[in-house]
Amino acid sequence: MWRGLSALVTRPASAPLRLCARCSTGAESLVPGSTIFALSSGQGRCAIAVIRTSGPASGLALRSLTALREPPPARSACLRLLRHPCSGEPLDRSLVLWFPGPQSFTGEDCMELHVHGGPAVVSGVLQALGSVPGLRPAKAGEFTRRAFAHGKLSLTEVEGLADLIHAETEAQRRQALRQLDGELSQLCQGWAKTLTKALAHVEAYIDFGEDDNLEEGVLEQVDRDVRALEVALSSHLRDARRGQRLRSGANVVVAGPPNAGKSSLVNLLSQKPVSIVSPEPGTTRDILETPVDLAGFPVLLSDTAGLREGAGAVEQEGVRRARQRLEQADIILGMLDASDLASSSSCSFLDTVVAPLVAQSHDSGRQRLLLLLNKSDLLSANAPASSTALPPHLLLSCHTGAGMDALLQALKTELAAVCGDPSTGPPLLTRARHQYHLQGCLDALGRFQLTTDLALAAEALRQARRQLSHLTGGGGTEEILDLIFQDFCVGK
């Protein structure tokens with residue numbers, strides 16, 4: 001990304017400092033800015049609740065509720081009895097922590113009260129804080145927004161914090177933590193330094209091009225640096241979809257002819273009865289979706305109608321939707337009945353779905369299909385699954401669970417390929433906003449390469465650097481910032 005409170009007259013420690021909206025203290029004039037407070041831990045009954053404040057009146061709030069003459073030692077917990085500032089009524093015994101700015105999460109004076117988590121206790125403490133002059137309830141994400149405004153977090157780190165709060169799988173947690181730790185921000189800063197150096201050299205050549213003291217090959221070095229940066233940006237843009245899948249979930253679609261066991265597999269993978277299982281063909285007639293954690297990766301698992309011709313109008317609409325969903329899938333689990341591979345529906349699925357997908361995976365260098373032969377328990381011990389040549393496949397029995405471990409391992413490999421491994425490699429682009437600004441930077445570098453006018457070349461470099469600045473939060477519009485901070489709860 002391109003404190004203070006005046007002295008207050010305190011009462012003796014034995015008596016609580018009584019400051020509230022209806023107490024005549026004149027303390028409002030001592031508070032230069034707004035101070036916010038909120039419950040930071042989860043709603044509902046719990047063992048411990050954390051209530052925090054941020055702003056110049058945090059010290060006043062601390063003294064008002066605890067009767068302390070001075071704040072306790074910074075970042076050290078002390079046990080105090082909390083009293084209402086107006087009535088002096090005891091509220092709870094609390095651990096009190098004091099974080100003076102700028103060495104705090106928001107960069108402002110902050111206080112945390114760790115109280116018992118009963119709803120009445122939390123409500124009473126929040127009401128007491130609301131009676132202190134200069135304090136108001138925080139808005140959603142306002143603590144984090146203040147941290148951003150004071151340079152404690154870049155915008156990509158803010159997004160990483162939001163993703164960490166909402167992470168539901170191990171892969172999401174790892175990716176969010178890397179982004180919160182600033183890896184994406186640091187990568188962008190490195191690119192920005194390259195552009196700044198290139199821009200300085202171009203402008204130096206414009207100003208001192210005829211000067212003998214200017215080193216030779218300055219523009220040639222700029223050109224090499226910009227081309228190397230273009231390669232790096234292009235590589236990250238190619239991986240952008242992987243990061244978005246990791247954040248939102250990969251689309252895994254189960255498809256196949258009727259009665260192949262698709263619904264049984266969906267129920268097994270999701271570990272809950274998502275789909276109705278019946279021996280009658282055509283039971284599933286619409287797309288059934290469920291979010292699943294598979295091998296630590298977020299997945300949107302879809303059950304689809306059995307693919308066959310000649311069914312009724314309603315089932316044919318389900319087949320049409322199933323084929324449409326196949327086009328949107330990241331990974332397709334193609335299911336066949338291992339005991340009925342010679343049927344017309346199985347042969348049709350192999351010809352119309354499996355064969356094109358196998359050819360496509362060879363062309364793209366990435367496998368998108370896992371072919372599964374279900375009902376392996378119905379095969380005799382010495383009989384092959386089929387006399388016909390099949391693409392690589394896995395034998396599976398949803399009835400006995402045989403082959404599930406091999407399927408989960410294969411899925412883990414495929415998910416790592418389409419989502420990326422959050423533990424290794426460069427940080428991923430997890431949002432469309434990241435992709436937009438990186439593409440804008442790359443477009444500006446393309447204009448730099450095409451122009452022969454040094455002034456236009458310098459302007460192209462400025463535009464490229466500006467796009468990187470927007471990515472990390474520099475010069476961002478209020479509308480975009482509002483959307484990002486709306487993802488946070490009130491106490492964050």
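Positions of Cβ are set from backbone N, Cα and C atoms, glycine also.
These numbers come from a predicted model, not from an experiment.
All protein chains included, Glu112 (5,10-methylenetetrahydrofolate binding site) registers 22 other Cβ atoms within 10 Å of its own Cβ. In the three-state DSSP scheme, Glu112 (5,10-methylenetetrahydrofolate binding site) falls into the strand class. Taken from Swiss-Prot, the feature 5,10-methylenetetrahydrofolate binding site covers Arg52, Glu112, Lys152, Lys492, and the record attributes it to similarity to another entry.
There are 23 other Cβ atoms within 10 Å of the Cβ belonging to Lys375 (GTP binding site). Lys375 (GTP binding site) carries neither a helix nor a strand DSSP state and counts as coil. According to Swiss-Prot, the feature GTP binding site maps to 256-263, 282-286, 303-306, 374-377, an assignment based on sequence analysis.
The K(+) binding site feature in Swiss-Prot is assigned to Asn259; the stated evidence is similarity to another entry. When secondary structure is read from DSSP and collapsed to three states, Asn259 (GTP binding site) falls in the coil class.
The annotation domain 'TrmE-type G' is assigned in Swiss-Prot to 249-416.
What Swiss-Prot records for 1-20 is transit peptide, and it gives similarity to another entry as the kind of evidence.
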Site with most surrounding Cβ atoms, counting all protein chains shown within 10 Å, from the binding-site residues Arg52, Gly256, Asn259, Lys262, Asp286: Lys262
Alpha-carbon spacing, Lys262 (GTP binding site) to Lys152 (5,10-methylenetetrahydrofolate binding site), which is rounded to whole Å: 49
Arg52 (5,10-methylenetetrahydrofolate binding site): nearby binding-site residues from Gly256, Asp286, Ala305, Lys375, Cα cut-off 10 Å: none
Distance from Glu112 (5,10-methylenetetrahydrofolate binding site) back to Asp286 (GTP binding site), taken between C-alpha atoms, in Å: 51
Integer Å distance between the CA atoms belonging to Ala305 (GTP binding site) and Glu112 (5,10-methylenetetrahydrofolate binding site): 54
Pairwise CA distance, Lys375 (GTP binding site) versus Lys152 (5,10-methylenetetrahydrofolate binding site), rounded so that it is a whole Å: 57
Cβ-Cβ neighbours of Ala305 (GTP binding site) (radius 10 Å): 27
Secondary structure at Arg52 (5,10-methylenetetrahydrofolate binding site), reduced by DSSP to three states: strand
